[in-house]
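Undergrad: Okay, handing you the structure first.
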Amino acid sequence: MFESLSERLESAFKQLKGQGRITEINVASTLKEIRRALVDADVHYKIAKEFTDRVKEKALGAKVLQAVSPGQLMVKLVQDELTALMGGQAASLSLEQKPSVILVVGLQGSGKTTFSGKLAYFIRQKLHKSPLLVAADIYRPAAIEQLKVIGQQIQVPVFSEEGLPAVEIARKAVTEAKNHGYQVVIIDTAGRLAIDEAMMQEVADIKAAVNPEEILFVADAMTGQDAVNTAKAFHDRLAFTGVVLTKMDGDTRGGAALSIKYTIQKPIKFVSAGEKPDTLDIFYPDRMAQRILGMGDIVSLVEKAQEQYDAEMAKRLEKKIRKNQFDLNDFKEQLAQIRKMGNLKDLLAMIPGMGKQLKNLDLNDDAFKGIEAIINSMTPEERANPDIIDGSRRRRIAQGSGRDIQEVNQFLKQFEQMRQMMKMMNKMGSINPLHIRKN
Ligand code: GDP
């Protein structure tokens with residue numbers, strides 16, 4: 001995700017290397033490169049320009065602290081601006097009504113039906129409320145069937161009624177929810193391949209009939225600016241309350257995530273990255289900015305990890321990162337947990353400094369086995385203190401693990417880079433691993 005943007009930004013920051021302070025002249029080419037990188041990530045030129053103007057203003061106005069270099073300062077400023085551009089704070093879901101009605105809208109193929117299922121799962125697992133799914137895409141029997149299959153998988157009931165117009169189905173579903181005590185009604189509406197008046201009218205009618213508390217517009221993140229334009233058309237007509245970006249596991253350049261909030265003034269509430277029900281995440285602008293800057297998303301990683309194992313372990317890990325004591329024993333422990341969690345590439349990309357390295361890796365289980373074999377061939381002392389791993393130790397480790405010495409070298413180098421990143425993030429105070437939001 002966003003790999004090309006991350007790389008381009010990194011090379012933009014590199015131009016400031018060796019500079020003692022920020023001046024109008026030496027910052028100009030960095031800003032230009034940042035602007036180009038954003039435009040190439042499918043961000044509208046005007047937004048990219050305003051972005052770099054703001055960064056420039058802050059950079060020139062900032063007092064460069066002794067402790068940070070101009071490069072580090074720029075990283076921090078860009079991170080703050082990216083966070084602001086994507087909405088600043090995470091936006092929550094409003095579920096006050098009884099029952100709460102959520103209308104899911106968007107083009108056909110954007111991932112509405114898949115998302116509806118994931119949202120139902122999320123609402124039950126994380127918010128501990130009982131959901132009812134509603135199949136209101138009456139034009140495609142396959143879509144109704146698809147929702148039923150998903151409902152079965154996650155054990156959430158699906159309301160559907162043959163032969164009724166979508167508006168009536170929605171109305172009846174809300175009555176059903178009231179009668180049976182379902183707390184959240186999720187209505188999967190019909191989409192078309194492109195904006196279409198009949199579709200808009202139908203969704204507008206459903207909106208008028210059931211007065212939804214949330215209208216979530218689902219957009220395929222891979223479609224970049226198109227997603228932003230479609231969002232605008234939907235919003236003009238429906239005034240939706242939030243955006244969901246799907247297919248974030250694909251090779252998306254980032255344009256939609258970066259500019260939808262700015263353009264529509266409605267927050268991205270969820271991102272979805274995969275086809276399994278548990279691959280839905282709340283969208284945190286700050287964490288996403290960190291990931292874009294190749295600093296990983298250690299907070300999300302820790303949270304995911306927390307879901308898997310006890311709080312004690314996660315706390316210990318957070319503390320170690322805080323104190324710059326994260327070592328290979330911790331890494332090994334993490335790897336074992338991550339392997340259990342599935343979706344390896346995504347999870348690993350959350351580790352600071354890892355995103356880039358992953359790009360060319362064929363991440364099958366074998367790749368992990370290699371790393372694990374290398375770590376397993378180290379002594380506990382070496383794992384606790386990787387600095388002592390000299391040439392002869394490296395040869396021994398390579399032999400013991402049956403891997404090339406180059407592989408051992410590369411892994412140790414990557415691990416060191418990762419530790420440097422963590423150190424830098426601690427220094428900048430840009431992560432607060434002890435403060436784990438839970439909701
Ligand atoms: P709808 O027409 O808007 O209801 O879209 P669907 O939910 O049927 O999704 C269209 C296609 O995208 C299906 O093949 C889904 O499996 C796939 N899809 C949906 N969400 C994601 C996602 O987050 N990641 C990936 N890789 N595929 C997704």
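Placed from the backbone N, Cα and C atoms, the Cβ positions cover glycine too.
Take a look at what TrEMBL says about it:
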| type | residues | note |
| --- | --- | --- |
| BINDING | 106-113, 188-192, 246-249 | GTP binding site |
| DOMAIN | 267-280 | domain 'SRP54-type proteins GTP-binding' |
Undergrad: Per-residue pLDDT averaged over the domain 'SRP54-type proteins GTP-binding' (267-280) comes to what?
TA: 91
Undergrad: Could you check which of the binding-site residues GLY109, LYS112, THR189, ARG192 have their CB within less than 6 A of ligand 1?
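TA: From GLY109, LYS112, THR189, ARG192, counting a Cβ under 6 Å from ligand 1 as near, the near ones are GLY109, LYS112.
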Undergrad: Pick the one among the binding-site residues GLY106, GLY109 whose Cβ has the fewest other Cβ atoms within 10 Å in this structure.
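TA: Among the binding-site residues GLY106, GLY109, the lowest count of other Cβ atoms within 10 Å belongs to GLY109.
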Undergrad: If you run the three-state DSSP split on GLY106 (GTP binding site), which class comes out?
TA: strand
Undergrad: Count the Cβ atoms, other than its own, that fall within 10 Å of the Cβ of ARG192 (GTP binding site), considering every protein chain shown.
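TA: For ARG192 (GTP binding site), the count of other Cβ atoms within 10 Å is 16.
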Undergrad: Helix, strand or coil at THR189 (GTP binding site), per DSSP?
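TA: It is coil.
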